[in-house]
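Colleague: Just passing along the structure, written as structure tokens.
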């Protein structure tokens, strides 16, 4: 069994920019598990513990989607939190998807993977990049205030979502380590 998820591998400069945002927000002292720059990504589908023999079928499901998909123009949009920014358990940055192309890719990926036996996600897709998962409410107010202030200076660099990537996540004492199993480029 491998712990797998499908995500977008982000451009290096986006990871570095968000990594600097994380370092600034860490100064609030919020009790959170922060995402390391190298691990920043856009999750499309969490698969969980998956038999290794299922990987070829997952690749085929991904290819069925990417064959007809074009790279998606996007940019960083706004800070947010689940369930809300005022009381977040997860702190994230959203992405623009004006033409709903990314939403369509995710819907097609859900359909393609359901044919392989993976349950469809019940919640609507919200394009976001997770920056932190809060462990407690300690300094949460400071964090939300800092995120709101950072929002005022948040840059909105444009980039293209140009891949769908199958990752393996290995949990270790210092947090997860991600490795790429398969990366499929979108048409440009």
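The backbone N, Cα and C atoms fix where each Cβ goes, and this holds for glycine too.
Bear in mind that the values here come from a model prediction, so they are computed numbers and not experimental data.
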Colleague: Tell me which range among 33-36, 37-40, 41-44, 45-48 TrEMBL lists as motif 'HXTX 1'.
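Modeller: Range annotated as motif 'HXTX 1' by TrEMBL: 41-44.
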Colleague: Looking at 124-127, 128-131, 132-135, I want to know which stretch TrEMBL calls motif 'HXTX 2'.
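Modeller: That would be 128-131, the stretch labelled motif 'HXTX 2' in TrEMBL.
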Colleague: In the domain 'Phosphoesterase HXTX' (98-178), how many residues does DSSP put in helix, strand and coil?
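Modeller: Counts, helix then strand then coil: 28 helix, 25 strand, 28 coil.
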Colleague: Far apart in sequence but close in space: which same-chain residues, 6 or more away, have a Cβ under 8 Å from residue 128 (active site, proton acceptor)?
Modeller: 42, 80, 92, 93, 94, 95
Colleague: In sequence order, which residues at least six apart in the same chain have a CB under 8 Å from the CB of residue 41 (active site, proton donor)?
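Modeller: Long-range Cβ contacts: 7, 8, 9, 10, 129, 165, 167, 178.
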